[in-house]
Amino acid sequence: MTVSSDTTAEISLGWSIQDWIDFHKSSSSQASLRLLESLLDSQNVAPVDNAWISLISKENLLHQFQILKSRENKETLPLYGVPIAVKDNIDVRGLPTTAACPSFAYEPSKDSKVVELLRNAGAIIVGKTNLDQFATGLVGTRSPYGKTPCAFSKEHVSGGSSAGSASVVARGIVPIALGTDTAGSGRVPAALNNLIGLKPTKGVFSCQGVVPACKSLDCVSIFALNLSDAERCFRIMCQPDPDNDEYSRPYVSNPLKKFSSNVTIAIPKNIPWYGETKNPVLFSNAVENLSRTGANVIEIDFEPLLELARCLYEGTWVAERYQAIQSFLDSKPPKESLDPTVISIIEGAKKYSAVDCFSFEYKRQGILQKVRRLLESVDVLCVPTCPLNPTMQQVADEPVLVNSRQGTWTNFVNLADLAALAVPAGFRDDGLPNGITLIGKKFTDYALLELANRYFQNIFPNGSRTYGTFTSSSVKPANDQLVGPDYDPSTSIKLAVVGAHLKGLPLHWQLEKVNATYLCTTKTSKAYQLFALPKNGPVLKPGLRRVQDSNGSQIELEVYSVPKELFGAFISMVPEPLGIGSVELESGEWIKSFICEESGYKAKGTVDITKYGGFRAYFEMLKKKESQKKKLFDTVLIANRGEIAVRIIKTLKKLGIRSVAVYSDPDKYSQHVTDADVSVPLHGTTAAQTYLDMNKIIDAAKQTNAQAIIPGYGFLSENADFSDACTSAGITFVGPSGDIIRGLGLKHSARQIAQKAGVPLVPGSLLITSVEEAKKVAAELEYPVMVKSTAGGGGIGLQKVDSEEDIEHIFETVKHQGETFFGDAGVFLERFIENARHVEVQLMGDGFGKAIALGERDCSLQRRNQKVIEETPAPNLPEKTRLALRKAAESLGSLLNYKCAGTVEFIYDEKKDEFYFLEVNTRLQVEHPITEMVTGLDLVEWMIRIAANDAPDFDSTKVEVNGVSMEARLYAENPLKNFRPSPGLLVDVKFPDWARVDTWVKKGTNISPEYDPTLAKIIVHGKDRDDAISKLNQALEETKVYGCITNIDYLKSIITSDFFAKAKVSTNILNSYQYEPTAIEITLPGAHTSIQDYPGRVGYWRIGVPPSGPMDAYSFRLANRIVGNDYRTPAIEVTLTGPSIVFHCETVIAITGGTALCTLDGQEIPQHKPVEVKRGSTLSIGKLTSGCRAYLGIRGGIDVPKYLGSYSTFTLGNVGGYNGRVLKLGDVLFLPSNEENKSVECLPQNIPQSLIPQISETKEWRIGVTCGPHGSPDFFKPESIEEFFSEKWKVHYNSNRFGVRLIGPKPKWARSNGGEGGMHPSNTHDYVYSLGAINFTGDEPVIITCDGPSLGGFVCQAVVPEAELWKVGQVKPGDSIQFVPLSYESSRSLKESQDVAIKSLDGTKLRRLDSVSILPSFETPILAQMEKVNELSPKVVYRQAGDRYVLVEYGDNEMNFNISYRIECLISLVKKNKTIGIVEMSQGVRSVLIEFDGYKVTQKELLKVLVAYETEIQFDENWKITSNIIRLPMAFEDSKTLACVQRYQETIRSSAPWLPNNVDFIANVNGISRNEVYDMLYSARFMVLGLGDVFLGSPCAVPLDPRHRFLGSKYNPSRTYTERGAVGIGGMYMCIYAANSPGGYQLVGRTIPIWDKLCLAASSEVPWLMNPFDQVEFYPVSEEDLDKMTEDCDNGVYKVNIEKSVFDHQEYLRWINANKDSITAFQEGQLGERAEEFAKLIQNANSELKESVTVKPDEEEDFPEGAEIVYSEYSGRFWKSIASVGDVIEAGQGLLIIEAMKAEMIISAPKSGKIIKICHGNGDMVDSGDIVAVIETLA
């Protein structure tokens, strides 16, 4: 629907809400505004329309429209651009509220809640409507603003009190208007104007901002032309508001949607019509049509309700009307402004006392009891809305009587807490309408609407219902369509669950995962049976089976609503033999439910549980039965760690046994420690000091009263002496006896035992003592043979010998290994079985001669004799052989009276179908879970029971193997480096939640090098082997572990191999397996090589998290585009000198950016072109000869985790990229597999030469900048700005990703100091910088780059726009820059041309900086300004801050909490409105930086919106805001804090006023003692004003008490290193350093970390601890205690003391006023002489600084021939050497550290050799290219 430019408001008359929305969606914003203006103009004409009291101005309309237009989601808003009228007793900001009394009028400071909700939904408020004064009346004639007539007759009343609202809707001026309804005012006008009148359940609409009539009864009501519009507004306004409305209440969840088809409707027996004859006809017809809907219409005596109605005006509820305006009446308002009838009614309240009030309330409660009984069997009441259609004259003649009669059927509704809906009943023969009211119990609003729709279909068939005055038009069927409450079947699927998904049962989480909504508990029809299927995992499964009715029962189930888009995800979690089908409910409805395959019901072990009536009852029976079982042990100690300890604890918890964990120092925070009921430290690091120390373990058991010790696997699990020691200590060892372990532990004796048990043996020998004997035996056995240590294990002490020439060497080696590792030099020989398989049988023995085999496992896939992947049942194994294996194992166990779990291992010769005894593991195996998966047993539980002599009856136990299970072992090891262990901190961990994963690791786990590298066992269960392989593959694809290198890629490679698919496995197959990793390997790291992505980490600048990303985004994006990647794909940034990289897979690369010699396998390759790389090739990127950075794009990208939405590396924060750091020698980076690679977008392509960036060969650059945010004349003198652009700036040596420092002319300041912001004219209150801002830190400019700080207190003269920032990424120290001014428009044009050119690869689209783009002169950065209105609405200055930022600055240069709150209001408004184009709002002390998307909103458009928003912000000084009070421990002047100061003194500046001690400096300049500084720190409460004051959520906070705001200064120059957690004071501000970072605050102590990088703490949803308006307090702790707290924080177990609170500004001001004398005295003491002395001190210090720069002179020196000269790749300060003269070092080893600005950079040795010279000492300045060391290369 569109309109032409000359269309008037007449075309919109009678439009519904949807008509208005359709118009706006199909029209331009100009057309939309014109139509709204036309509507407004049409109402601003003579004669005055009595329906309106006030209309908005054109300016107000434009303001509302501007705000609406700014909203990103405006077209989805339910009231998008819909004009709405509001009754004039409801507050609308911008219009007076009169309540129809001119002398009562006031200007509301904010909207009422309902108006706020309507505006939020997109509505445009056009005016306020007339009413009976103070909403007292049902006639619409009691107003000094005139009488509002009925829309159909000027002689008849419109009804009151909401007369005006009904009139403007009936005439179609607006589709919706708000009324209020205390006693019928929302219904009577609806009846008299042919409208819908919705009077909601009392309290579900907020009455905040509504002038009360009777506050306890008032409701806001809705007038609408159709049901759909009424329901739409109901849904919008139905929001609880308990903070502002005492009677507010939330709507019920899952409310009644519709009444039944035979709903019982009661009508009055006797209806007084007061002589009216026409309305009874309408009512009778309406009732008849209600009956036709199928309703059961009955007559009842309404007397209890009518009695209740009489209370309203005959009782003390009149007093409520008086209370509402008492203060107004006491002010003696002009009598002519008061309606005499209204005032006489209200003043009638004076006759009632407080006693009367209680009397009438008691009376009401008594009547309500009658009402409840009356309505017990009634669903709905139907009454005439009003009996009369009075004329104006009739009302004038009998004003009270007529009004009273009109309220006959309305007055009782709110008193009885009922919902009501007034609907039309048609027209009388005189053309006047009337209606009926449907009344339901509270919260039946939706059902009443649906009933009305049914009624309309009967009384107005075939769409014949008219609306309002539009009697020639009918309501479109769509406009009476209803949505109903939020549960919508069209977007969800009903699902019945019957088993473990029920509430409180183990799989209920799966429903929660898919956002299912509980609907009800019900039963099936009587046609079902319920079965418990055999348990083959930890969860019991049900089987619901439909049968003949005669054999079936009703089964209890729960019904849920599952969103359609997540239903597939839910189905994927359903294991076989279950599936999803349909079930018939007892109501006859068929819905989705679980079904079971026939095999499930027939499987052995299936139990018919129908008699229990439901799964829950059966489950409870099992629990009860379980609890009655024999108590096993009270306490069991787990003598192990890692995943097996975690797994054992689960079973102990299930059995109700108290668990005890033991732990080493590195395992202090491990999962088994936190999972156990009790944890005991073993005090040590190595295995020998802890888990292998028998005495410590047994002492821990005694200490905790453990009756048993279960050892798991490894460590002491097969130590016979430990088993004996436990027994001697009176503690049960959960395992076999020491004698059995000893006998089976030595391989030669194990062979003898096996032989005795009749178990086949591999041909072999007894123990051999000499080489000669070994040679003889080997010859007899025939080569190849295995030489084995009798005590070996874990792959140690066994080696294959192929020929006699090797036997001597290997014999001695194995003998030595046995003696070294196991204390036993015994060796024997066995024949080697070629292509043997490793098959083992899981054995359980009861200790009394009975043993049972629980199945076999194939564990043939091994690397370095360690198992990798196991499966059960063993594939390709004849059934006869399988049974023989099990029988042999049982025979061995019975012979030994074996007790508990053991594994009998066999070598299986598949070719000959023969098996031989290998050994017995006298413990639980790592791979035991796969046996559990196919048998449904809990092997640990069996072990515990057997150890307690409560073994199952093996004779009657029938073990059934169901399906196939596989396990893959996830190790922290590097498969590319011969499976070298790979310890590290895990930064991200994800496992599939549908598979079984036995693990001990999670995000934040530190993998120690001390122990086994096992991270997890990933276990799946399938119906057959193919299914299991498929599931294991899926599980491995979904497994993500970052922070250390794992074997996940290796595992995926194996299970997708052809040999694994065919089960062609053997113990040696992996030895020859050609693993082809999808990875690259760093063999030389380069100077500063990191992973970045574009656009980086967006949206966290306000927190102090920089975007990072590429310094040269243009070249970076080209690299990805050339190889065909999506622009967001991570790639590699190279700085100064590039890396060498080995590619272990084929791929395509491109190198862009600066020029360097690039070679592939020694052959030079071109840049800016796609290059194919073969597997095994080595790429080398040399030193950059032009530019500073190059970029390596790899097709498909690099597999690294996202951090805060980005792959980019931020090294200072140690986040993102590869483990949060630059790449190092030996790093292995995996590339995404093809299955998961979503980064590839198109084929690789060459790019035209014209797209290659023009990197300066002359070291001279021209860079465009936008002016501002700070300029002339307020900050800089005009000539200083001119000089900035006319002079050339040299790039300082101290430049990097944190910032590019410049050397050039000293600025000429327009002011002498920064006022409250600081002593230097460059200082200002902390605000958030723009990325690319040229920031004057004192007199020295620094360009803020992608890793730079966000919040700071220095002015910025210009900003490098986004399109020009790539040049900043390419400048090198010593280069010169000429800045030129650009307009916003030119900057955007350059940026947009780059985007188009890169996307299209069309060089003609690219615009470069040229004379046309450049402004002739600099421009003012001030874009707009709003003058001060009052103290709470200060001056606002909008400053240009680049091409994507606007800085909004409030008030004068002073810190003011009211300004901070105003900024918060603006941020909240933007967030609420989802304002188009705004990316982020970053709060400073008195400003907010707004980042915007130039593609969505222009700078000018944004300014209009921001100016409009300012007028929306209204508050007084009594504001409140949510505020956490955060209490932190702090160690005063701890050693680490003092070390930072010392390091600064040694390396940066040897003398300064704040040296050698910062606390002394603060005390001296403030004339106080050190103790007073100490007292201030621990007594002050600091208010957080902004975040990111030196990165990562570091707060900029100010003491609430002005007496705690000391004089002070920051370091100059700043520190390059500050300890994480350091607390600093800088003048009035306090900061906590969130990371090891640069800084300038005076350091006073240290607290716990405030940046939870991995969100490990239970309360951490985000990494940052604080938000603006939080309050911080410190309490003293020792340094030792703080270190422990810090360690706890780093491991997520420290709980920060946080108190949820509200900051009450009014209370704060009261406190300030109460202490004003001492505050004033303190502030005056800081002025005058002290301030002058302080300023002079700092001035002198700065002067001294300029004279103290030290650069070590060059020295001429000859070095030996062949010496390797090491040059610095960086400019900076020499911090320290990490190797010494005389050391022999390897290539790549670190030599020394250069510190520059915000980073430490290691210079490594280019070659191996001996260091003969280190050329600098600590603190020396070093330039890029300087010689820093000399190495003598060794032959």
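Including glycine, each Cβ sits where the backbone N, Cα and C put it.
Summarising the annotation, Swiss-Prot assigns ATP binding site to Gly122, Ala123, Ile124, Ile125, Val126, Gly127, Lys128, Thr129, Lys747, Glu830, Asn865. Neighbour list (Val126 (ATP binding site), Cβ cut-off 8 Å, at least 6 residues apart, same chain): Leu36, Leu39, Leu40, Gln43, Leu55, Ile56, Leu61, Pro83, Ile84, Ala85, Val174.
Within the model, the domain 'Biotin carboxylation' (632-1075) carries an average pLDDT of 94. What Swiss-Prot records for 632-1075 is domain 'Biotin carboxylation'.
Swiss-Prot lists 751-948 with the feature domain 'ATP-grasp'.
What Swiss-Prot lists as domain 'Biotinyl-binding' is 1754-1832.
Residues or ranges marked as phosphoserine in Swiss-Prot (evidence: a large-scale study or a structure entry): Ser803. Cβ neighbours of Ser803 (phosphoserine) (same chain, under 8 Å, six or more residues apart in sequence): Tyr783.
Annotation comment: Swiss-Prot describes Lys1798 as N6-biotinyllysine.
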Notebook entry, point to check: If you count other Cβ atoms within 10 Å of each one's Cβ, which of the binding-site residues Gly122, Ile124, Asn865 has the most?
Noted result: Ile124
Note to self: The record lists Gly122, Ala123, Ile124, Ile125, Val126, Gly127, Lys128, Thr129, Lys747, Glu830, Asn865 as binding ATP. What's the largest Cα to Cα distance among them, in Å, rounded to a whole number?
What the structure shows: 103
Check: What three-state class does DSSP give Lys128 (ATP binding site)?
Finding: strand
Note to self: Validating a neighbour-count step here. Other CB atoms within 10 A of the CB of Lys747 (ATP binding site): how many?
What the structure shows: 28
Checklist line | Same-chain residues at least 6 apart in sequence whose Cβ lies under 8 Å from Lys128 (ATP binding site) | finding: Trp52, Ile53, Ser54, Leu55, Ala85, Val86, Lys87, Asp88, Ile90, Val92, Leu95, Pro96, Thr97, Thr98
Next item on the list: Would you mind pulling the DSSP three-state label for Ser803 (phosphoserine)?
Entry: coil
